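*Asks:* OK, TrEMBL features for this one:
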type	residues	note
TRANSMEM	51-70	transmembrane segment
TRANSMEM	76-95	transmembrane segment
TRANSMEM	104-123	transmembrane segment
TRANSMEM	129-147	transmembrane segment
TRANSMEM	159-182	transmembrane segment
TRANSMEM	188-207	transmembrane segment
Amino acid sequence: MRKCDQCRIDIKGDWATCPLCHQPLNQTVEVTSSSYPDVPLQFNNQRIVKWLVWLSILIIVVIFAIAFIWRGEIHLFEGAVLGIGTIWLIVLIILRKRRNLSKSVLYLLVSLSLISIYLDYLLGWKGWSLTYTIPIFCSSSLLGMFISIKLVRMKPGDYILYLAAADLLGLVPAVFLAFGWVTVTTPAWASVLLSASMLFFIIVFRWDDIRRELKKRTFI
């Protein structure tokens, strides 16, 4: 049985650090089985990564096909790379943390959007943050959340409000379209249509979960 000299406790299970003070434990000491059974994950990390690889390849193939048809007149490759990277980042965050996942994704979406606007301003305003970055971030975040929710089998109460908030943020590019702030409308329209579709879905099929979570969070 491993021991923590600082806390002066005996530790069961294969712990690398003390669960109380996080000090490294002596790895040469024989491990004593824990009193609690191991709880298996409800998903397979390798299967999820494999699924994401095929999805990424499919997106790249579609983008190259579109670029070939338009003979390079539209530059979608950079947007595809940005979107794929965002999806991978969202899913990996969810696989690593698995606690307050959707909340973390929502904060990440807001932070990346604000950073892109600030960088656009610093580099001399070109509007690429509104035209490409924010709509792609919104669409990719929604797709990443949706994929992770299905594969990780999260409970509705753990994600429903944050997914709804992300859907509302995905409608922000509609403002860019209304005021003519974008030079290319495709990313903004994709974000708006995807967000509107998912928002309609969760309102129709998950309204009871939304109302239940709102009552929990507003109860004093």
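Each Cβ is built from the backbone N, Cα and C atoms, and glycine gets one as well.
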*Asks:* Can you tell me which of 104-123, 129-147, 159-182 gets the most C-beta pairs within less than 8 Å of the transmembrane segment (188-207)?
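*Replies:* Answer, by Cβ pair count: 159-182.
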*Asks:* What residues elsewhere in the chain lie close to the transmembrane segment (159-182), defined as a C-beta under 8 angstroms and at least 6 residues from its ends?
*Replies:* 101-103, 105-106, 109-110, 113, 127, 130-131, 134-135, 138-139, 141-142, 145-146, 149, 188-189, 191-192, 194-196, 198-199, 202, 206, 209-210, 213-214, 217
